[in-house]
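Report on one structure; see the data block that follows.
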Amino acid sequence: MLVDRQFPPQGPSTRTFILEWFGGGRILVNATEEERRAALEEDSAAWFFGCASLTFFQFVISLLSVFLLHLTAALQVIRIQSLFFKSIVCQDMAWYDTSMEGNFVGKATNNLEQLQVGIGGIISIFVYLVGIFGCGTLVAMIFGWELTLGILATAPIIIATAIFTTKIQSKLHAKEMISQSAAGKVAEEVFSSVRTVVAYGGQKKEVERYKNHLKKVESYGIKRGVMNGINGGILWFIIYSSYAIAFGYGMRLFELSEKNGDENYTPAVLLIVFFGIFIGLTNIGFAITHLETFSLARGGATSVFNIIKAKPKINPCSPEGKILEQCTGEIEFKNVYFTYPARKTVKIFDGLNLKIKAGETVAIVGESGTGKSTIIQLLQRFYDPISGDIFIDGENLKSLRVSWLRSQLGVVGQEPLLFAATIYDNILYGNSSARYEEVVEAAKKANAHDFIIKEMEKYYSVVGQRGSTLSGGQKQRIAIARALVRNPAILLLDEATSALDAASEKLVQGALDKAALGRTTIIVTHKLSTITNVRRIVVLSNGVVAEDGTHEDLVKAKGIYYELLKSQEEVAKQKPKENVDFVHDPSDMVLSSIIPSTPRSQFNSLTNFGKIPKRRFDSYDKDMVFYKKTSFWQILLWNKSEWHYLGVGFIASFLAGCALPIVCLIFGDLFGLLSMDDFNEIIWWADFYAILLCTIGIVAGLSVFFQMYCLSVAEMRLTCRLRTKAFESMLKQEMAWFDDEKNRVGALCLRLAQDTSLLQGATGTRLGVIIQAFCAMSIATILSFFFAWKMAIVTLCSIPFVFTGVYIESLFLRGNHYQSSQSMENASKIAAEVIENIKVVASFGKESYFIEKYTQVIEEEKRRIYKKAFVRGFAFAIGQTAPLFGYAISLWYGGYLVANESLLYKYVISVSEMLIFGAWTLGQCVAYTTGFHSAKEAAGRLQYLYLKKPEITDGEVTVFPNMNGEGSLNYSKVNFSYPSKPKVRVLRNFNLTLKDGTSIALMGPSGSGKSTIVQLLLRFYDPTSGKIIINDINISDFKLETLRSKLALVSQEPILFDRTVKENIEYGDNSRVVTMDEIRDAAQAANIHAFIESLPEGYETRLGTGGTQISGGQKQRIAIARALIRNPQILILDEATSALDPQNESAVQGALDVASTGRTTIIVAHRLGAVQNADIICVLERGTIKEMGSHKQLMASKGIYYSMH
């Protein structure tokens, strides 16, 4: 059009095809200049109307495609997320022991986000780009197949490179996800066990463990960046080289066509072929960059669907199996052989035979590890025997419906696990159809009602994660109430009263005895004093029933039971030490509970999780107010360690961005050659520009490679460094911060994984693409104004349309993202807690309940999906069609300038191509704008976390005083209220002095404040007023590391890590390298060495998350060994022997007595045998010391302590 109208050929003008449809394309023969100008204006107008029509059609198609695909993807991901959670919850315990990788939150977040991106609007964008390539190629083939095939000769190289690099990227991404999941698992484990980590000063070790996994993530991410760089570099080199081939070969075909006098390769044909291939190859270049997105989505989908497709052998969610009309409770184990799936070499049962009559109460006793608790797990069908059968009422357990079977059982476990819900809801989990009165009655039977009604919110008090706001005894009583409200046919009690004080134990035991009437009851215990009245006692040993009979019969037989009983009685009869001097200033105290519950009005329970209370997020907003001020420059400042990579990456992005407008400029010059008459000159200049294009291709290819590589290095290092720093910052926070509802494990893991990942939206490769696009647009604008400023101004009018789309999308998604992240965080909290308490969920058949709650929360997102999808589609459609519309305006006005102001047509082509392709490239960045805003929000949250100073601060004293038997530990006028309930005083004017080398035992009913005193000493919390002094030094003056290094804690619920036995024991002293001899000595002192040596891998045996691969008693003894390795000056024993059988208790108690010699010891206990040797015994009641003295003195006074015997 432009060539023929400005430089007319001899004879008729060239036909312009489609322009004829819109009133242009008039054939001129030897026309005058005025006729040519008029025809050019007609053609320009026809061009505009044709492009405008195409623009409207493309707008509608683009909007609908992105809207529908984004909507479909979001809805699919919600369904997949629900199926993923359902599959995990419905797996059997064997799967959890052997296949569960942990880090559900991280896995779900990363994989599902990648999946949603991969199946969402990006598909329509990819199809759109490939479609343009296909259409352009097809049109080019129709008009000039020879030239088209010559240009496309390089296409196989592009495709082969893309396939090769994508395959490698998929493998690297899979490895990256494994390492990322491992890092997430560490974070989840540490947050779940944060008190143990802090007490043993393990923060640095855990940060290092977390960091080591992230180093692998970083390594694989950088390697993926290299492959991206290779792919992109080769791609753009070949694209620009293809242009060189096109122009060199095309001009020769044009020369041949002119000499032959045919119209095979006229300027119009060349233009059609060049632009068809030029636009097509450019689009395929952008399309191939999306292959990594699909690769990541496929990797995420593989991981997710592998779990969804996993079929459990024991499926609690399946409707298959028999339902008996009535369960009488007759139980029979027939020749049962069993080993745990994770420890197949360790036999638990070796032909077990046991029959229990309906309505019979049977006590199961034996040493730790003999399979007492295994009987209860097999009855619940957590596992199936390797061989042999288990029957209930004559029916094989395998033939019964799992959910019905478990509905007939009431279970109280050794370690009571509660949910972060109200007390009422926790009890109601035992029987969702129970009335309020029945819940209260169950609590009364469990001796829990009295302490519950003293709580501020009574039955609606939230108990915190894992029941963190309650004492061990209180948790145990709620767990008993939960089992009793179920009114089961079979009652299973696994150390049900182990955490109770003597008075509570007596009352609860009476309630359990009543509950056992008329139903089959199995009692697993090592406290033989609680089962002397049980009519039948079964003793397990070596995987079989060794003894069976009444208490009297077994005592007379003088076998295993007799020896266990004898060793327990010896512990109780050990002669106490003489009392020593002590100082005590009695005072009043007020105590609601050892850690206050959170008011119901402030937090919502899991039963109402579908409705998120506004107040809770008002608090969150207040905490996070700082993030609104965080700028993009702050993110770059965090990346300053990689300034040299950023510098090279930014320069490379700039050069890659410059390539496109320069190529467009060459494009115009090449078409300017068509007006020349000398074919030799045309070929010479064509070859020159071809060489220039190859050179640009080399520069662009290298630029893209270094852009992708360098910015990937900067991105991955920043992400991993900030994630490590965030993890480290979290571990520096005070314990009250972890007690906060919004800082539960699931929420912290999600923030840790999500916020640092979101930063990639404003850093690394995405930032490189944005810089490249802005550079291309900037260079194009400058050159356009230089060559044709009028046309540049008109053409730039389309740019605001592109930015309008960007603005609309970011404005809408700004608030929408926060709501979405809240929904995701709430879902993550539910998921993390359910997975953590999966055995309780399974025992009480609450799988369907939590699946429904989880689905309810994630489906909240549906209300926002439609608007979000429409805005995405609208923004994308604007971004794609605005350049085309601008192209129409540009060439219309360009034609006018050629016709009326003699502007050379080559400048029309150059300017329009530069600006429109620049704007179009800018439009491709629309997809990154939301990520850019999200990155700034995430940076704000991280900045807030990094700057947040913990309330418990370090002192300056770095040397702990050597007490040498003359120092003292002194509580002086201590007042204390928990941060979440400042109006409730837990301790008031509390005074107590303990001389060095003496031991003090804190006794009293559950919730009397025993553990609070210990937590203040460990500085988990600081007193509201008053002091705790060690050798005249306030403990707040010590560095936390110094103070805690001299304290060793053995808690009531021992927390072990997913490490080897050796690593768990040496965790007791993280300040030095612990020798193997020290580890063995500590294990022998804790009476666990023989058991460890019997394991297939000995001290190198991994214990699983939480030490799930061993029994409760074995865990407790390893925890004691861990404390002994620390060689502390102050030893804290919080129910340290509560989980041990009599034989081991006797041995370990002796070891603890030896360990206590020469050091101050604080014993928190409710069992009299554990405190009789203490120098001082304090009897607490509601936070007040009611009695104090030695065992001998308190027995003589015949007060509260005396009544406990």
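Every residue gets a Cβ built from N, Cα and C, even glycine.
Among the features that TrEMBL reports, domain 'ABC transmembrane type-1' is placed at 47-296 (among others).
Per TrEMBL, domain 'ABC transporter' is recorded for 331-567 (among others).
Taken from TrEMBL, the feature domain 'ABC transmembrane type-1' applies to 648-934 (among others).
Over the domain 'ABC transporter' (969-1205), the average per-residue pLDDT in this prediction is 82. If you look up TrEMBL, you'll see 969-1205 (among others) marked as domain 'ABC transporter'.
The transmembrane segment annotation in TrEMBL covers 45-69 (among others).
What TrEMBL lists as transmembrane segment is 117-143 (among others). Counting same-chain residues at least six beyond the ends of the transmembrane segment (117-143), those with a Cβ under 8 angstroms from any Cβ of the stretch are 62, 65-66, 68-70, 72-74, 76-77, 149, 151-152, 269, 272-273, 275-277, 279-281, 283-284, 286-287, 290, 293-294, 296-298, 300-301, 869, 872-873, 876, 880, 927.
What TrEMBL records for 149-168 (among others) is transmembrane segment. Taking Cβ pairs closer than 8 Å, the transmembrane segment (149-168) reaches residues 137, 140-141, 227-228, 230-231, 234-235, 238-239, 241-242, 245-246, 249, 273, 277, 281, 284, 288, 291-292, 295 in its own chain, all 6 or more past its ends.
Distant neighbours of the transmembrane segment (225-249): 147, 150-154, 157-158, 161-162, 165-166, 168-169, 172, 273-274, 277-278, 281-282, 285, 288-289, 292, 656, 659, 663, 670, 686-687, 689-691, 693-694, 696-698, 700-709, 711-713, 715-716, 765; these residues of the same chain sit at least 6 beyond its ends, with a Cβ under 8 Å from one of its Cβ atoms. Annotation source TrEMBL lists transmembrane segment at 225-249 (among others).
Per TrEMBL, transmembrane segment is recorded for 269-288 (among others).
Per TrEMBL, transmembrane segment is recorded for 645-668 (among others). Counting same-chain residues at least six beyond the ends of the transmembrane segment (645-668), those with a Cβ under 8 angstroms from any Cβ of the stretch are 236, 240, 243, 274, 278, 636, 639, 689, 692-693, 696, 699-700, 702-707, 709-711, 713-714, 717, 768-769, 771-776, 778-780, 783, 906-911, 913-914, 917-918, 921.
The transmembrane segment feature in TrEMBL is assigned to 688-711 (among others).
Within the chain carrying the transmembrane segment (767-787), a Cβ under 8 angstroms from the stretch's Cβ atoms is held by residues 649-650, 652-654, 656-658, 660-662, 664-665, 707-708, 711, 795-796, 799, 907, 910-911, 914-915, 917-919, 921-922, 924-925, 928, 932, all 6 or more beyond its ends. Sequence annotations record features per position, and here TrEMBL assigns transmembrane segment to 767-787 (among others).
For 793-813 (among others), the entry in TrEMBL reads transmembrane segment.
Annotation source TrEMBL lists transmembrane segment at 869-892 (among others).
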Residues of the parent chain within Cβ reach of the transmembrane segment (688-711), under 8 Å, 6 or more residues beyond its termini: 222, 225-226, 228-230, 232-241, 243-245, 247-248, 645-646, 648-649, 652-653, 655-656, 659, 662-663, 666, 669-670, 763-765, 767-768, 772
